[in-house]
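Chemist: Look at Swiss-Prot and you will find 181 tagged as active site, proton acceptor, backed by sequence analysis. Residues or ranges marked as NAD(+) binding site by Swiss-Prot on the basis of sequence analysis: 18, 39, 46, 71, 85, 86, 107, 124, 125, 126, 149. Feature annotation from Swiss-Prot assigns substrate binding site to 88, 94, 126, 127, 128, 129, 154, 155, 156, 157, 235; the stated evidence is sequence analysis. The beta-D-fructose 1,6-bisphosphate binding site annotation in Swiss-Prot covers 159, 174 and is backed by sequence analysis. Among the features that Swiss-Prot reports, phosphotyrosine is placed at 226, with the record citing sequence analysis.
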């Protein structure tokens, strides 16, 4: 894959609610020239139907080849996006999904790599930080070419919540959620700003917002998935658009800074896990992490979040099957 290639090809693995919403976002936004959709054999006809349905929108958007794909179609793809996995049920945490989804992930990654794929993996199935790690292990790919959606959606939720609280456009809010995409994530309050004005200073000039309100706002962001799952069964629109944004950054070689699940090599005192932090991303994957200078409390939260993920990974990798399949 090179940044000068004009025909951009994406393979989507998993045509459930998230996958099909992502495909729809790609069509709406005119991203990529080719989209192949892979499903398990018993759901292949659904992928055929979705490809046909999506193709009927092309006269209103831009040309794109859309079809139900096989793993062999991954060989010349620029990007393989993995959304396939067991869904999160009411009452389940993302980490509860580990056992079911690691086995699914191993099967997918093995078949993609066997096709001769040389592009970039983008992982969205949950628990995303753990499955990004397993994709790296099972693929043998360089860490830069394995990316998780990380806290991209959480950060978008955070910005939207702050925007509503402050009555400003969310696009003018610059604030990140870091750590696990899940219960141990945290808000980087120390660097939240509105158009360059530190949040604390901005609040002084606008209105009297109590600390308790900000804590409640963050908790609403952290628990948003549970709220949505309890009301409609699943979340898919927000993450689909987040994935489309990451896809555009990769295919257009933007060198955009986005909060992603990124491999840690000592930043924040954390190593050997993929976890949510801002990073520069372009045509060759992760260019470099952007290491926000966290305060002491935030650094401790980052380390605690990573420790939880590491414990899950260590337990999972006691499975000899996963050990044998590891290439990194």
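Every residue gets a Cβ built from N, Cα and C, even glycine.
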Chemist: Hey, how far is residue 88 (substrate binding site) from residue 181 (active site, proton acceptor), Cα to Cα, in Å?
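Modeler: Approximately 13 Å lies between the Cα of residue 88 (substrate binding site) and that of residue 181 (active site, proton acceptor).
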Chemist: Tell me, which recorded positions from 18, 159, 174, 226 are within 10 Å of residue 128 (substrate binding site) if we use the C-alpha atoms?
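Modeler: Qualifying among 18, 159, 174, 226: none.
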Chemist: Tell me whether residue 235 (substrate binding site) sits in a helix, a strand or coil according to DSSP.
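Modeler: Note: residue 235 (substrate binding site) is coil by DSSP, not helix or strand.
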Chemist: Around the C-beta of residue 159 (beta-D-fructose 1,6-bisphosphate binding site), how many further C-beta atoms are within 10 angstroms, looking at every protein chain?
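Modeler: So the Cβ neighbour count for residue 159 (beta-D-fructose 1,6-bisphosphate binding site) comes to 22.
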Chemist: For residue 235 (substrate binding site) and residue 149 (NAD(+) binding site), determine the Cα separation and express it in whole Å.
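Modeler: Rounded to the nearest whole number, the Cα-Cα distance is 14 Å.
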Chemist: Find the longest CA to CA distance in the recorded NAD(+)-binding set 18, 39, 46, 71, 85, 86, 107, 124, 125, 126, 149; express it in Å as a whole number.
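Modeler: This binding site's residues have a maximal Cα-Cα distance of 25 Å.
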Chemist: Nearest by CA distance to residue 156 (substrate binding site): which of the binding-site residues is it, out of 46, 125, 149, 174?
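Modeler: Nearest candidate: 174.
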Chemist: On the three-state reduction of DSSP, what should I expect for residue 125 (NAD(+) binding site)?
Modeler: coil
Chemist: At the Cα level, what's the spacing in Å between residue 18 (NAD(+) binding site) and residue 126 (substrate binding site), rounded?
Modeler: 11
Chemist: Which residues, sitting 6 or more apart from residue 125 (NAD(+) binding site) on the same chain, put a CB under 8 Å from its CB?
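Modeler: Expected: 14, 82, 83, 84, 85, 101, 104, 105, 131.
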Chemist: Sequence gap of 6 or more, Cβ distance under 8 Å: name the residues on the same chain that satisfy this around residue 149 (NAD(+) binding site), in order along the sequence.
Modeler: 122, 123, 124, 128, 181, 239, 242, 243, 246, 260, 261
Chemist: Given the recorded positions 46, 107, 126, 226, which one's Cα is the least distant from that of residue 159 (beta-D-fructose 1,6-bisphosphate binding site)?
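Modeler: Comparing Cα positions, the closest of these recorded positions turns out to be 226.
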